[in-house]
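J.: Pasting in a structure now, in structure tokens, and then I'll have a few things to ask.
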């Protein structure tokens with residue numbers, strides 16, 4: 001009996017996951033995230049140099065970050081731009097150096113382009129959440145400016161704190177000697193989860209539950225880590241881009257990776273947005289749970305009725321009706337005068 005109950009619960013669980021995946025697939029088709037990812041990748045490439053220039057300017061404004069600027073750059077390019085990170089870092093640093101020599105109007109234009117990227121991200125995520133109410137211009141600009149100014153500061157502060165924790169003598173013992181390398185190895189994964197979680201909870205112009213956002217963030221972070229390893233393996237083992245494009249191979253490699261990254265980000269957003277819809281649908285509907293063969297689970301717990309039992313019950317009902325008819329009072333008739 002207990003095994004049957006456990007089997008039924010497992011069937012219900014897998015069927016629930018399957019129905020959620022079907023709902024998620026329908027959402028992905030409706031929202032066309034491949035087109036949205038292509039748009040965001042194009043805007044990202046246009047805004048990459050301005051965004052990096054603004055980020056480095058914000059880090060330079062704080063003396064505590066001057067000593068670790070190289071570490072921050074190495075961490076970002078190594079963990080978020082696989083295979084071609086070194087080449088991209090050289091070019092972007094050169095572009096940023098040229099951009100920093102511009103006039104005030106040019107620097108203001110860089111800030112505007114960086115804001116355009118954040119605005120495109122905001123619109124894409126709010127479209128996924130089916131948000132009808134738009135933020136006012138003042139609120140939207142304030143949020144975009146906060147992301148540009150506070151985002152680099154938070155990233156730098158987290159890396160500084162991590163470097164400080166690693167350097168503590170508390171972790172120099174034999175018992176904890178293997179903990180820190182494992183922690184440092186998982187650090188990019190933790191940063192990815194935190195970044196996706198913050199993105200899915202703050203950007204949508206509606207309330208998002210923490211656990212829903214955490215689910216989407218964890219899935220997106222796992223796919224991002226797998227994507228990094230898979231893309232780096234493809235670029236190194238199958239150097240078709242370098243054979244075709246030569247010295248310009250970095251450009252298509254960067255574009256493809258940015259496109260895949262946005263596909264992963266939007267997929268995590270779709271999971272986060274689809275979860276409350278699916279739960280509301282399940283709670284409001286009275287759909288009969290079925291097993292993997294399509295049979296109702298309720299019917300499995302109903303005992304089978306033999307044909308002999310049905311015929312015996314039918315004959316007993318006929319005899320009862322005959323007795324009632326025999327005991328009924330006879331109607332009297334009046335003679336005609």
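Using the three backbone atoms N, Cα and C, a Cβ is placed for every residue, glycine included.
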J.: Can you dig out which of the ranges 213-233, 276-296 Swiss-Prot describes as transmembrane segment?
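T.: So the range that Swiss-Prot calls transmembrane segment is 213-233.
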J.: Can you dig out which of the ranges 137-157, 158-178 Swiss-Prot describes as transmembrane segment?
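T.: Going through 137-157, 158-178 one by one, Swiss-Prot gives transmembrane segment for 137-157.
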J.: Which of 4-24, 45-65, 102-122, 137-157, 213-233 has the most Cβ pairs closer than 8 Å to the transmembrane segment (247-267)?
T.: 213-233
J.: Need a quick answer: max count of Cβ pairs under 8 Å to the transmembrane segment (137-157), which of 4-24, 45-65, 102-122 is it?
T.: 45-65
